[in-house]
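Record features, source TrEMBL:
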type     : residues  : note
TRANSMEM : A:7-24    : transmembrane segment
TRANSMEM : A:30-50   : transmembrane segment
TRANSMEM : A:57-77   : transmembrane segment
TRANSMEM : A:83-105  : transmembrane segment
TRANSMEM : A:112-132 : transmembrane segment
TRANSMEM : A:160-178 : transmembrane segment
TRANSMEM : A:209-228 : transmembrane segment
TRANSMEM : A:240-271 : transmembrane segment
TRANSMEM : A:283-301 : transmembrane segment
Amino acid sequence: MTEPRWTPYAVLVAIALLAALPSMTSSNYVVGIAISGLIFLAAAASLNLVYGYAGQLSFAQLGFWGVGGYCAAIAVVDLGQSFWFGIAFAGVVNLLLSAVIGIVITRTTRHAFVVVTLTFALLAGLIARDWVGVTRGPLGIPGLPPPSLMGFVFDTSARFYYIALAFSLIALAFLYVLKTSRIGLILKAVKQNDPLVESQGIAPGPYKLAAFVIASVITGMAGGIYAFNLKVIDPSFLDFYYMQTFLIIVIIGGAGSFWAVVLAGAAMVVLPEALRFSNELRMVIYGVVLVAVMMFMPRGVSGWLEDRRIAALRKALR
Amino acid sequence: MTAILSVADVSKAFSGVHAVQGTSFEVEAGSITGLIGPNGSGKSTTIDCISGFQTLDAGRVLLGERDITGQRPAEIAKAGMIRTFQNVRVYDSYSLLDNLLVAGEAFRDLNWFDALARTPRYRRVRDAAEDRARGLIDLVGLTRLSDAPATVLSYGQKKLLAFAAAMMAKPRLIVLDEPVAGVNPTRVNEVADILRKANATGISFLIVEHNVEFINSLCHKVIVLEQGRKLTEGTPAQIRNDPRVLEAYLGIARPAAAEAEAS
Ligand SMILES: Nc1ncnc2c1ncn2[C@@H]1O[C@H](COP(=O)(O)OP(=O)(O)OP(=O)(O)O)[C@@H](O)[C@H]1O
Ligand SMILES: [Mg+2]
């Protein structure tokens, strides 16, 4: 689907507003939500690359998120490295890990893919709990220090916010370039019709693998940043809640649509908070909204819009 | 004459069903060759075997001089043979233009750096591919729909799109599985013309089709399959007058139009 002509302006306005957010509010609470939202969005957009573009439902994202978080924490606390080194370390470890896993599983069927990635995510949770020598088990690693850069310490929420914002924007920009390139075109072709892609001289394997690896690197780095936002990492970092959040953003927005997933990410962060006026009903209403969207728009908002467009086109062609 | 495709003693069975049994034939370079036979005689399975979509139980396949037996579909396509599918395949959510861009060989073979960095080379290749794609869409008469998603096309229109996509890759040999099944009868002659023109530029064709007129008007040579075996081969005139061919078809012939309706 082609994007509206005013998209670049909307993006500029959004970036300007996001950049000004900490100066518009003094509430650490609001800034804190914005930080989580930005980091979740980068992770969800990566999941969209694997699931929405390459068509592979990967639960491994949760595992990569956790590996990234632990790698960053261990690099700083145990190896005495900087936060920035820790994030890069998280990216590199995930690159290697996902390449090994990816080479094996991008050749399997879609069902096997789901099972293997799910197993990996569960295994990562188990390791976080039981490999006490490295992860410190259920106690986790507390007291993660604030990042600093050339003497500037990111020790308040408002300061840390800019790390999350910069990371999220870079990750989204990269994914956008990827999506609009020939590689994105072929990835989505693979999802639509694998045999046709092969018959046209394109081996789908490298494309699926690339999507898997790129998504894992971004998710791992996002996890690393998120751990330092929490200032502590323990096995609850691998709670299914995170996977669920990424999945909901992708599914509500519409798998395979870049902007719809970005907007859904924003909505899914704001919605639960906007519903706080009634604390008891909050999660109930949230749930009802989710179920309603899934019932009436099973392919997400973008899928729904596309169906409408196609229906209109069909009518015009009659 | 040299052969662009040589199929030697190819066999394929599916759990007891001998779909193809020791079939041999050649497609001469520069020719249009027909592959016909009753339903279930193994035509599509033969195409799957030579294009790498099925592994062979026995036999050898050469594309020109090159042995492509057992190679992956993508390798065979890159080597210069593009096939289409009987149950038409297109990228439903892509516009016709994007359908052809994916199919194009120049665009496909760009390296990843050019694609991501959007180098001048990338833009040049993309623009050229787009021009070529628009030309092919015009050629098969779908200009009006070039920016519509392929899912709005009728079955026959999708067949035309799939044919254009095969041309887009600039192969040496195009293998078509029922290219005009479901295509509007007024359009069938146009397709035959396009095929002839493409053939004049040096592309060879192997065509499976139930439309007898289409086959007779186009093909230099026709191969007849029956129950996975080659029954005979010859010019369209020879085939038309061969009593064995008539016998093979008797009672089981099914008009192409009815088949399109069914799918
Ligand atoms: N994947 C498969 N599994 C099992 N049997 C198959 C498979 N593909 C084809 N067959 C069988 O092999 C035989 C040949 O089928 P094929 O599709 O090659 O025939 P065809 O000549 O293309 O027929 P049609 O004119 O109907 O397209 C048939 O008996 C068919 O049922
Ligand atoms: Mg067939």
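Cβ coordinates come from backbone N, Cα and C, glycine included.
TrEMBL: automatically predicted annotations, no manual curation.
Note that the coordinates shown come from a computational prediction; the quantities given were computed from them, not determined experimentally.
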Leading contact stretch, A:57-77, A:209-228, A:240-271, A:283-301 vs the transmembrane segment (A:112-132) - CB distance under 8 Å: A:57-77
Contact between the transmembrane segment (A:7-24) and the transmembrane segment (A:160-178) (at least 3 Cβ pairs under 8 Å, separation 6+): yes
Tertiary contacts of the transmembrane segment (A:30-50) (same chain, 6+ residues out, Cβ under 8 Å): 18, 21-22, 56, 58, 61, 65, 157-158, 160-161, 164-165, 167-168, 171-172, 175, 178-179, 187, 211-212, 214-216, 218-219, 222-223, 225-226, 229, 242, 245-247, 249-250, 253, 255-258, 261-262, 264-266, 268-270, 273
The transmembrane segment (A:57-77) and the transmembrane segment (A:160-178) contact flag, 3+ Cβ pairs under 8 angstroms: no
Tertiary contacts of the transmembrane segment (A:240-271), as residues 6+ beyond its ends and Cβ separation under 8 Å: 1, 3, 7, 33-34, 36-37, 40-41, 43-45, 47-48, 51-53, 59, 61-62, 65, 121, 172, 175-176, 179, 188, 191, 286, 289-290, 293-294, 297, 299-306
